[in-house]
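**Student:** Take this structure first; my questions come after.
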Amino acid sequence: MALRYPESDPVVRTVKHRLDSTDAAAHAAAPARTTTHPGAHPPLSAKDVRRLSMFAPALVRPAIVDSFRKLSPRAQAKNPVMFVVYIGSILTTLLWVMALRGQAEAPAGFILAVSVWLWFTVLFANVAEALAEGRSKQQAASLRGIKTTVQAKVLADPQRRDRVQPRAATALRRGDIVLIEAGDMVPGDGEVIEGVASVDESAITGESAPVIRESGGDFSSVTGGTRVLSDWIVARITANPGESFLDRMISMVEGAKRQKTPNELALTILLVSLTIILLLATVTLLPYSIFSVEVMKAAGVTSSPITITVLVALLVCLIPTTIGGLLSAIGVAGMSRMMQANVIATSGRAVEAAGDVDVLLLDKTGTITHGNRQASRFIPAPGVTVKALAEAAWLSSLADETPEGRSIVTLARQLGEAAVDEAALARSQPVFVPFSAQTRMSGINVALGDAAHQIRKGAADAIRTHVTVLAGRFPEAVLAAVEDVARKGGTPLVVSDNDRVMGVVELKDIVKAGIRERFAELRQMGIKTVMITGDNRLTAASIAAEAGVDDFIAEAAPETKLALIREQQAQGRLVAMTGDGTNDAPALAQADVAVAMNSGTQAAKEAGNMVDLDSSPTKLIQIVEIGKQMLMTRGSLTTFSIANDVAKYFAIIPAAFATTYPQLAALNVMRLATPASAVMSAVIFNALIIVFLIPLALKGVKYRPLGAAALLRRNLWIYGLGGLLLPFPGIKLIDMFLAAMGWV
């Protein structure tokens, strides 16, 4: 039976809203009310933070200050390799003080020069790490600026929106029901349980385009600190104070408790082992040198033992200080690059795992497709024009607030076929017929001109029964169109006007633009893509073919996804998955790399180890590239660091033992001016190379979609050979400069 909705009903308000041709986007353009902390310095926005250049003053100045703060023993002890340099700096400083007091083992100026450059080496490593952390700190500051003190409108009874109780947002608890109207800030994380609204999430995502949040489905999550631009929603708070998504984001990007990843730990163990071996070897050189001097003295040859200052310089130049000084910065920069991609990762482990992914599982709904069935075309019945069908479908959908109903209205307008006089329609006081499980139809009763119309849309069998009752007939051509749409994986809706069948509206899951090309890139990387959906095999096969995935699993239940992930992991594969629905949460929790969409449900975001603020599942390709880039950068700089130690051998070994074993002068292939200049040149080069490699460590080695073997060969040629050859001209140029200036 038809219902005349009361004026206060949201459906009628929405229809009037549409008939007045007022779009949500117009509300988005209106100025929004904001609440800020009194006297607070406005932080950089999320978009401004991502646009900061690597060496922007906003990052460099704090990094220099932080580099001095990191000179504490506790901070230095976190990096064993640089801690050795730190101890060496202190030791040479003490030796310089002793030299000033007449207890010199070497000229005071030489000891001071070595000490200063050792301190520079430590500071340069600190600057690299501080620069990597700087962007994260700026992001955290911008997120803190979002947190505002607002008054929430708490509903004691969700059915009575006119009775609200003001309460501070900080006092909201999980389970509270709040009303959020146009212009209001969302007081806390929640799930929309009623209504639909346009929401500005730019404060968090950096994207100015508003998004739609509605009850039901996978787009029901709202985040505290965002702003409702139009309409209203009722939301259930899902997080207690201090546990919100914004709070967790701040904690993540600050990285105060950043743990080293497995690969980083393994590399640290390798570097520490090399450092210990070289430390023991260097320590034994002093007694060996003293013994050699005594032996040569007995033979009538005058020589002097190696000094502690030179031994410290030798040790620092031989241990892998380059990668040791940049290792932490590489890890932090990987997290920072992920943040620049608008992805929040819970840990470096997740970023690193992204670089080793073998299998990618994709939930169809909202990931490969837009997530809602959308009207794609009108198929008129014999004797009916597309215009007549579009007008009937448009009228029947005016009060339909489902995504499908809205898409029908949109398609009719896009085609320019909905030419009904909207003013006359509003004056006619139409009666809207809501959808019900019993009738499986919805529509409108309206008088247009002198004729009364009962326009309905719904399932084919429901419309067939309705038309038959009105003494109409259901054309065979329409039945064939219904079967054809279903066979292709779409959903057919039949539209009727009184006793006449007007035609079919085809609803289908629309595959996202550009998704096929992105899957081709994944395939080139060696990553297998698998689409998982609860649809039947026919629908799944159609969408899989259109999207270009490698494989698909149809009629899958949530436990099917979980079982497939465990099966792939049991075969030694790393599995990545994107998802946005509550049904994705168990699989997201099991996956090695679990990227939840920010537009998705709260359960999905809590289960994942990454959150994509742009809610773009194709972002996973970029995430994989960032993960691979971090691994490649770490490996490349390790290769470079170890390789360039070879050149330092030829510079510092002959210089260190020049007075003990003059014969070692034959190894001075670079023809360095003096032993002192050789030592100083090696120490200075060792410090400066960290500075020159900071941009590479922060920006990362450029990733190319090549096989692992090809990438390894390429990087060995560039960074292995480059690390071997570069120190020779570098040390020689520094030596020539020192000699020309007369400083050695």
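Cβ coordinates come from backbone N, Cα and C, glycine included.
Pulled from Swiss-Prot, these are the listed features:
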ACT_SITE  Asp363  active site, 4-aspartylphosphate intermediate
BINDING   Asp400, Glu404, Phe435, Ser436, Ala437, Gln438, Thr439, Arg440, Met441, Ser442, Lys457  ATP binding site
BINDING   Asp580, Asp584  Mg(2+) binding site
TRANSMEM  80-100  transmembrane segment
TRANSMEM  108-128  transmembrane segment
TRANSMEM  265-285  transmembrane segment
TRANSMEM  310-330  transmembrane segment
TRANSMEM  650-670  transmembrane segment
TRANSMEM  678-698  transmembrane segment
TRANSMEM  724-744  transmembrane segment
**Student:** Restricting the comparison to the recorded positions Asp363, Asp400, Phe435, Met441, which residue's C-alpha is spatially nearest the C-alpha of Asp580 (Mg(2+) binding site)?
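**Tutor:** The answer is Asp363.
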**Student:** Return the count of C-beta atoms lying within 10 angstroms of the C-beta of Met441 (ATP binding site), excluding that atom itself.
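**Tutor:** Result for Met441 (ATP binding site): 21 other Cβ atoms within 10 Å.
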**Student:** May I ask whether the transmembrane segment (724-744) has at least three C-beta pairs under 8 Å with the transmembrane segment (265-285), counting pairs 6 or more apart in sequence?
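**Tutor:** They do not touch: fewer than three Cβ pairs between the two stretches lie under 8 Å.
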**Student:** Are the transmembrane segment (310-330) and the transmembrane segment (678-698) close, by which I mean at least 3 Cβ pairs under 8 Å that are 6+ residues apart in sequence?
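**Tutor:** Checked: the transmembrane segment (310-330) vs the transmembrane segment (678-698), in contact.
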**Student:** Please report how many Å separate the Cα atom of Asp400 (ATP binding site) from that of Asp363 (active site, 4-aspartylphosphate intermediate), as a whole number.
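**Tutor:** Here the two Cα atoms lie 27 Å apart.
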**Student:** C-alpha of Phe435 (ATP binding site) to C-alpha of Asp584 (Mg(2+) binding site): distance in Å?
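**Tutor:** Rounded to the nearest whole number, the Cα-Cα distance is 29 Å.
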**Student:** Checking the binding-site residues Thr439, Met441, Lys457, Asp584, which are within 10 Å of Asp363 (active site, 4-aspartylphosphate intermediate) at the Cα level?
**Tutor:** Asp584
**Student:** Check each residue in the chain of Thr439 (ATP binding site) that is at least six apart in sequence and keep those whose C-beta is under 8 Å from its C-beta; list them in sequence order.
**Tutor:** Gly458, Ala462, His466
**Student:** Counting CB pairs under 8 Å, which listed stretch among 108-128, 650-670, 724-744 touches the transmembrane segment (678-698) the most?
**Tutor:** 108-128
**Student:** Can the transmembrane segment (650-670) be said to touch the transmembrane segment (108-128) if we require at least 3 CB pairs below 8 Å and skip pairs under 6 apart in sequence?
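**Tutor:** No; fewer than 3 Cβ pairs under 8 Å.
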**Student:** Can you name the residues of this chain that are 6 or more positions from Lys457 (ATP binding site) yet have a C-beta less than 8 Å from its C-beta?
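**Tutor:** Ala392, Ala393, Ser396, Ser397, Ile408, Met441, Ser442, Gly443, Ile463, Leu493, Val494, Val495, Ser496, Val505 - these are the non-local Cβ neighbours of Lys457 (ATP binding site), listed in sequence order.
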**Student:** Between the recorded positions Asp363, Asp400, Asp580, Asp584, where is the Cβ count within 10 Å the lowest?
**Tutor:** Asp400
**Student:** Using all protein chains in view, find how many other C-beta atoms are within 10 Å of the C-beta of Phe435 (ATP binding site).
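**Tutor:** The Cβ of Phe435 (ATP binding site) has 16 Cβ neighbours within 10 Å.
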